[in-house]
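Annotated features, as they stand in TrEMBL:
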type: TRANSMEM; residues: 13-32; note: transmembrane segment
type: TRANSMEM; residues: 52-71; note: transmembrane segment
type: TRANSMEM; residues: 83-105; note: transmembrane segment
type: TRANSMEM; residues: 126-152; note: transmembrane segment
type: TRANSMEM; residues: 158-178; note: transmembrane segment
type: TRANSMEM; residues: 185-204; note: transmembrane segment
type: TRANSMEM; residues: 241-262; note: transmembrane segment
type: TRANSMEM; residues: 274-303; note: transmembrane segment
type: TRANSMEM; residues: 340-366; note: transmembrane segment
type: TRANSMEM; residues: 387-407; note: transmembrane segment
type: TRANSMEM; residues: 413-435; note: transmembrane segment
type: TRANSMEM; residues: 442-459; note: transmembrane segment
Amino acid sequence: MVDEIQTFRIADYAVFVITILISVAIGVYYAFSGGRQRTISEYLVGSRAMKFLPVAISLLVSNESSVMMLGLPAEAYVYGIQWIFSAVGTCVCQLLSVFIIVPLMHPLKITSIYEYLQYRFNSTAVRLLGTVLGMLNNVWYMGIVLFGPAIALEPVTGFSKLGCMISMAAIAVVYTSIGGFKAVVWTDVFQSIVMYLGMLAILIKGTVSVGSPAKVWEVADKGGRMNFFNFDFDPTVRHTFWTLFFATILRATGTVFSQATVQRISSTKTQREAKWVLIIMAPCYLVSLSLACYEGIIAYAYYETKGCDPLASNKLSDPNQMIPLMVMDLFRSLPGMPGLFLASLFSASLSTLSTHLNSLSAVLLTDIIKPRFRNMTELQGTIILKVSVIIFGIIGVGNALLVSMVGGPLTQVTTSLMSAFGGPLTGLFLLGCFFPCANKKGALGGVVLSLILSAWMSLGQSFSTTLKKTPWLPPASTAMCTANVTSGMLEKTASTS
């Protein structure tokens, strides 16, 4: 029985540690190569000389994170596959941005997206308000991203959630602070390889274990998980085609009007290359999220076939732990594969963390500090950037502790919390872009009012104890639970939680 509990072996730790060391090594390399990150331009936008392909990959993986690796499969497992239309809506938004956002932003040669607000409204107040909302939005998202892997690492390794979050933040801080934008981009490229290897391993092994793709579809369809189309116009329904597709096109505008996106667009030499960044990213993002949803469908078919639903049998209480549990079950006899999954999960989160750490430091320096200290030298600026990365890493851990108090799939947590600040901020950019008659007074008033309303709805959705929750779909069978041996560490954690 002891052997059953010790499912995370030396080979798994080895794969995991090697992945982390390579990421840190990339940061060290860029700390001592090229210009050695001694100028603000090199540290924040790679001296505006980056190639479009690595930048596209970086933007892709920085938008995925643990929310995709854990939250989307959990969403599909308990609510069905309909979330996939959100991915389609996001893809459409990104393709539209090729012809709208890139021609608007790239010629400005800005470092911070909030500089655009200064140009558009000729108002420092509007720029500062947008900056604060954007920073709050990014810090919240860092908390979500840090919390996700901690869910998986705690039951598998025995590390505490806090220890996992601190370790992950520390790693991201190290290579981001010393290597700057170039280190962030190239670690993203490496981490994308690890991430997709982990996903493919789960997809292939899971499908084979169930029988075939056709068998997975058949089992999931009988369980009500293949619920693609719901055209209900009832606004109280959790998800419909209308909210997942059309509303997501609008919501995804917030990811386009983000510091991370504009920073990457601005890092390319020409507008044509900037367009290719989004052209490449959009379909790849759709494929990635579709595969993540399919993981959740495979998980349902797998446990239905085994006859033991982990949630219904109380082996797990959190649907976000479903994929880590399935990985331990699938790869019990293959040392190193659970480590690859955790490395891929860590990579997905590190790519997002490093992106937001770099972006937050860019915004702090460009929009808040430099306007007040105009005689700042390049050396002083880079020192401030590196110190601010450390500070934001600490703040991210604190927010992760707050996020841990919110229940539900990570997709739901992300949508609820990010809407509070992201909605009004997106509205501000859309107002500036498409309504020439809008002025600074209208912009300030509209943002403040929408912030109050969206925060009330979003935070109420996340923390309310009286709000009626949408019930999960019927669980998989539990007829064979007494005959199954599950991953010991996960079972132990669930039984004591």
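Any Cβ shown, glycine's included, is placed from N, Cα and C.
Of the candidate ranges 13-32, 52-71, 126-152, 158-178, 274-303, 52-71 contributes the most Cβ pairs within a distance under 8 Å of the transmembrane segment (185-204). With respect to Cβ pairs under 8 Å, the transmembrane segment (274-303) is most closely packed against 83-105, considering the stretches 52-71, 83-105, 126-152, 387-407, 442-459. Touching of the transmembrane segment (442-459) and the transmembrane segment (387-407) is ruled out by the presence of fewer than three CB pairs under 8 A, sequence neighbours closer than 6 excluded. Where the transmembrane segment (387-407) meets the stretches 83-105, 126-152, 413-435, the count of C-beta pairs under 8 angstroms peaks at 126-152. Same-chain residues lying 6+ beyond the ends of the transmembrane segment (340-366) with a Cβ under 8 Å from its Cβ atoms: 12, 15-16, 19-20, 23, 40, 44, 58, 61-66, 68-70, 111-112, 114-115, 131, 134-135, 138-139, 141-142, 145-146, 148-149, 152-153, 156, 168-169, 171-173, 175-177, 180-181, 183-184, 187-188, 190-192, 194-199, 201-202, 258-260, 263, 323-324, 327, 331, 381, 384-386, 388-389, 392-393, 396. Ranked by number of Cβ pairs under 8 Å to the transmembrane segment (413-435), the listed stretches 52-71, 83-105, 241-262 are led by 241-262. Sequence-distant residue pairs (6 or more apart) of the transmembrane segment (158-178) and the transmembrane segment (241-262) include fewer than 3 whose Cβ atoms are under 8 Å, leaving the two stretches without contact. Residues of the same chain lying 6 or more positions beyond the ends of the transmembrane segment (126-152) and with a Cβ under 8 Å from any Cβ of it are 65-67, 69-71, 112-115, 117-118, 161-162, 164-165, 168-169, 254, 258-259, 318, 320-321, 323-324, 342, 345-346, 349, 352-353, 356-357, 359-360, 363-364, 367-368, 392, 395-404, 410, 413-414, 417-418, 420-422, 424-425, 428-429, 440, 443-444, 447, 451.
Same-chain residues lying 6 or more positions outside the transmembrane segment (83-105) and placing a CB less than 8 Å from one of its CB atoms are 72, 75-76, 113, 116, 228, 239, 241, 244-253, 255-257, 261-262, 265-266, 271, 274-275, 278-279, 281-283, 285-286, 289-290, 293, 411, 433.
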